[in-house]
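S.K.: Quick one: the structure is below, questions incoming.
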Amino acid sequence: MKPYFCRVFVFCFLIRLLTGEINGSADHRMFSFHNGGVQISCKYPETVQQLKMRLFREREVLCELTKTKGSGNAVSIKNPMLCLYHLSNNSVSFFLNNPDSSQGSYYFCSLSIFDPPPFQERNLSGGYLHIYESQLCCQLKLWLPVGCAAFVVVLLFGCILIIWFSKKKYGSSVHDPNSEYMFMAAVNTNKKSRLAGVTS
């Protein structure tokens, strides 16, 4: 009877763990969408005074924010053009503006705690970010090269027709048999010079 109770206890514990009743960070949403961008939130304990928060995409460090207690909670960030951020009491939010499908990847946060001691470093929750492009964008990517190629073909065909018609028009006016003017035969100057040399 005892093994049965142990199995039930382990089963209930696993269910509570998977549903997030035991781990408080399981209900935390890491990604949220607003203003055409993605907000990636990384939570940390409220008691932390000095920290370094890094946002990773796979193994690449995208953003690194350092909060120090020195002169009025100074914040420094590496790569400020890419890393727009918002710092609150218990979270750092990084913003990805105008994401496209190439930025879909696994993102996670790494937290280094300096104060209160002891120094700790841990990886926080992560998640896979799927970014779907709209159907209109995909259709434009397909039809834009096709449309450009069709335009070039029509343009070339038009130029060839214009050249052909202009040559035909010019050629018909010169070789018109019903013209009142007759064509003159080309004069060969070599014959004259021979005759001039023979007579003298």
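All residue numbers here begin at 1 and follow the chain in the order shown.
Glycine residues also receive a Cβ, built from the backbone N, Cα and C atoms like all the rest.
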S.K.: I want to verify the bond table. Which candidate from C6, C83, C109 sits on the other end of the disulfide that Swiss-Prot records for C42?
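M.R.: Of the candidates C6, C83, C109, the one Swiss-Prot pairs with C42 is C109.
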S.K.: Counting other Cβ atoms within 10 Å, pick out the least crowded of the disulfide-bonded residues C42, C63, C83, C109.
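M.R.: Ranked by other Cβ atoms within 10 Å, the disulfide-bonded residues C42, C63, C83, C109 bottom out at C83.
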S.K.: Reported as an integer number of Å, what is the Cα distance between C83 (disulfide bond) and C42 (disulfide bond)?
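M.R.: Just about 14 Å between their Cα atoms.
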S.K.: What's the CA-CA gap between C109 (disulfide bond) and C63 (disulfide bond) in angstrom, rounded?
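M.R.: On Cα coordinates alone, these residues lie 10 Å apart.
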